[in-house]
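Trainee: After the structure tokens below, expect a handful of questions from me.
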Amino acid sequence: MNMDERPEAELVSIPATPRMSTPEILTPTGQRSPRMGGSKEGNKSSTTWTPTSLISPRFLSPIGTPMKRVLVNMKGYLEEVGHLTKLNPQDAWLPITESRNGNAHYAAFHNLNAGIGFQALLLPVAFAFLGWSWGIISLTIAYFWQLYTLWILVQLHEAVPGKRYNRYVELAQAAFGERLGVWLALFPTVYLSAGTGTALILVGGETMKLFFQIVCGPLCTSNPLSAVEWYLVFTSLCIVLSQLPNLNSIAGLSLVGAVTAIIYSTMVWVLSVGHARPPTISYQPIATPTFTASLFSVMNALGIIAFAFRGHNLALEIQATMPSTFKHPAHVPMWRGAKVAYFFIAMCLFPIAIGGFWAYGNLMHPGGILNALYEFHKNDIQRGVLATAFLLVVINCLSCFQIYSMPVFDSFEAGYTSRTNRPCSIWVRSGFRVFCGFISFFIGVALPFLSSLAGLLGGLTLPVTFAYPCFMWVLIKKPQKFSFCWYFHWSLGFLGIAFSLAFSIGGIWSLVNSGLKLKFFKPN
């Protein structure tokens, strides 16, 4: 049957309702209703009929302007209705999907806060084992590789019509299956979030201790706080800030964390390059007694570079905080903010790695460029400048802790709401966050060497950033088999898995070889 010959009753059935926008804030679930309309029995046309099929330029041409405007508005409304999400009260109660008023600015703040941190200060350590050429090549490849996989995650957030994947594990389940997706994605994402939170407590506590020593100088009391007590002070500050309810509410903290990260990253490499280099400096890779030791050291160094690009486990969560409509999908502002963020990330990571290695060479302190700056130039730099750098590191660690702990908070609250079928009260939510904070504190006290495990952390969590997105693109988008796109993504994914195994072995070897004696900050 021709579309222009449809019965009059079907034309009347179209509701003359004014145009509306999708109420994304009221429906923060990822589940969308299917599109309206369908093919009619006996219709031999290859196109499927929808309520907007009648409202075409051919149909509108003989109609007057007022009527045309009404029908065009109706068409927009019907398109928006096809984009509506189904209500899921539980998602409206969880901290990641509780608020949907995010924008490109929030995306830039969150990505920048998650992408720059203490792990960037360890990049010159990797260069000390790789040398100039392989260090720069490895860092450049890793940067563009992770930027491409970030783009994949942004596009897959709404890859299936009627569904938004609000969390990394949800996307993994859609690609690999319910059980396999949980097994593959849950451990590395939780390990990355919880492990990073624990490492931030260690780094933040040690930095606060060093900041106090620099500020008070010879006036310090004879009984200063121990390292564990400084960990406790830092954890208490983290718990206070963690009472902010949802991911959008910490956008201000992410902005503060991003600004402080850019400032102290710039300060550290500028101060290092601006002072005289040690007289015995060399740019040859650090020599090891055997070929096996050299190989494992290189693998550990590459793991440090991989760990510098953590943060992909938060990409879908950040995008889930944005409204999405048919004409204004969430991937547009998300990618716009991510591009700005990763431009600044590159402007911080590359100067730190190159400038730090130029300033200290193979004499680089195993704790990173900040440790080397304190060790070689503590008498050349004013105390106020050094204290400012360390204070900025503390503020950045406090901000990073909030965004990396949010998926953990979300998991705890999801378990509570699914069992009780009601939202968390203020006291329950506060209790969960106090519990998470002190669990990270106790793990840090029991395993105080976590802050030196950058290579191992990078190896274990590398699939989240470099491998899984490539597999998920093939399994969800389903490109033509044996095409270039098909081969490219499978090859990139398996290469990421191979690197993950190699870097993890190198990290374990480095940890055992060092006798677990390294610490991120070791003040004299």
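Positions of Cβ are set from backbone N, Cα and C atoms, glycine also.
Under the heading region 'Disordered', TrEMBL lists 1-49. Per TrEMBL, the feature domain 'Amino acid transporter transmembrane' maps to 101-511. Summarising the annotation, TrEMBL assigns transmembrane segment to 121-145, 180-203, 250-271, 291-309, 340-361, 381-405, 426-447, 453-475, 487-512.
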Trainee: Test of understanding: applying the rule of at least three C-beta pairs under 8 Å (pairs 6 or more apart in sequence), is the transmembrane segment (426-447) touching the transmembrane segment (487-512)?
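Mentor: No; fewer than 3 Cβ pairs under 8 Å.
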Trainee: Should anything in the same chain at least six residues away from the transmembrane segment (426-447) have a Cβ under 8 Å from its Cβ atoms, list it; otherwise answer none.
Mentor: 194, 197-199, 201-202, 205, 228, 231-232, 235, 238-239, 242-243, 245, 405, 408-409, 412-413, 416
Trainee: Could you give the residue numbers and ranges of same-chain residues that sit at least 6 residues beyond the transmembrane segment (180-203) on either side and whose C-beta is under 8 angstroms from one of its C-beta atoms?
Mentor: 117-118, 168-169, 171-174, 231, 234-235, 238, 310, 313, 393, 397, 400-401, 404-405, 407-408, 411, 436, 440-441, 443-444, 447-448, 450-451, 453, 457, 460-461, 463-464, 468, 520-521
Trainee: What else in the chain is close to the transmembrane segment (453-475), if you only count residues 6 or more beyond its ends and a Cβ gap under 8 Å?
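Mentor: Hits for the transmembrane segment (453-475): 119, 122, 142, 145-146, 149-150, 152-153, 156, 168, 171-172, 174-176, 184-185, 188-189, 191-192, 195-196, 199, 299-313, 486, 489-490, 492-497, 499-508, 510-511.
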